[in-house]
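Colleague: My questions will all concern the structure given below.
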Amino acid sequence: MIYVTAEQMRQIDHYTIHEIGIPSIVLMENAKAQISKHILDKNFSKAYVFASVGNNGGDGLAVARDIYNAKKYVKVYVIGKLEKASTDFKINYDILKKLDVEIEFVDENTKFDITENDLIVDSIFGTGLKRDIEGIYKGVIDMINDSQAFVVSVDMPSGLDSDENKIHNVAVKADLLVTLQLPKKSLQDYEGEYVVEPIGIPEKSIKHVLNNAS
């Protein structure tokens, strides 16, 4: 099995989008479908999606749409400022707003009421994280870990470095990790349950980057 670094995955994504011509929003829709199938086969009362405003969060918002379409209760908690959001995050955010999905921006006064019968989607940090997690982000991750809900992480458990088996101060303890297209390098030592799901990145993109790796 091939394990890739965060930088290699970034280059693979970039080549796919800018050289092959597959729009990033198409890859996000593909990711959504692959993640959602591991969620919608679970029994849960309510689903809570925790999302940053980058593309990892955009994946989470897209998954929230699938949960909504399955006629299950879903609420989205956004950590971060909308004006700093990625383009694909904003697209999915606007869709959820038009569907009247409940969205709350997290601050220090936010209260959570999550039970052991619920499911959490962790789409806060993906492969690009290289700094220690502090403040509201740390508080949210601590809350997720203290909950008894079933936790599904998107691409990487938030807080776990994707290149080295180390934690950036705190990390989500996922019951299931759905990592996208290729396993990340640190997963060679990962002890939790994870699956690797394709999102439509052509083999040509992968070979182009890995064959040119120094």
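Glycine residues also receive a Cβ, built from the backbone N, Cα and C atoms like all the rest.
What you are looking at is a predicted structure, and each value in this text was computed from that prediction instead of being measured.
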Colleague: Quick check on the annotation: Swiss-Prot has Asp122, Ser158 binding K(+), so which of Asn55, Asn56, Asn212 does it put in that site too?
Modeller: Asn56
Colleague: The (6S)-NADPHX site in Swiss-Prot lists Asn55, Asn56, Gly57, Gly58, Asp59, Gly126, Thr127, Gly128, Leu129, Lys130, Arg131, Asp132, Tyr137. Which one of Asp107, Asp155, Asp163 belongs there according to the record?
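Modeller: So the (6S)-NADPHX site in Swiss-Prot includes Asn55, Asn56, Gly57, Gly58, Asp59, Gly126, Thr127, Gly128, Leu129, Lys130, Arg131, Asp132, Tyr137 plus, from the candidates Asp107, Asp155, Asp163, Asp155.
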Colleague: Please tell me which one of the binding-site residues listed here (Asn56, Asp122, Ser158) sits closest to Tyr137 ((6S)-NADPHX binding site), measuring Cα to Cα?
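Modeller: Result: the closest of the binding-site residues to Tyr137 ((6S)-NADPHX binding site) is Ser158.
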Colleague: Compute the centroid of the Cβ atoms of Asn56, Asp122, Ser158, then list the same-chain residues not in that set whose Cβ lies within 8 Å of it, in sequence order, for the K(+) site.
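Modeller: For the K(+) site the neighbour list reads Phe50, Ala51, Ser52, Gly57, Gly60, Ser123, Ile124, Phe125, Gly126, Ser153, Val154, Asp155, Met156, Pro157, Val172.
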Colleague: Between any two of Asn55, Asn56, Gly57, Gly58, Asp59, Gly126, Thr127, Gly128, Leu129, Lys130, Arg131, Asp132, Tyr137, Asp155, the residues recorded as binding (6S)-NADPHX, what is the biggest Cα to Cα distance in Å?
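Modeller: Largest Cα to Cα distance for the (6S)-NADPHX-binding set is 22 Å.
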Colleague: Between Asn56 (K(+) binding site) and Arg131 ((6S)-NADPHX binding site), find the distance joining the two CA atoms and give it rounded to the nearest Å.
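Modeller: A Cα-Cα distance of 16 Å.
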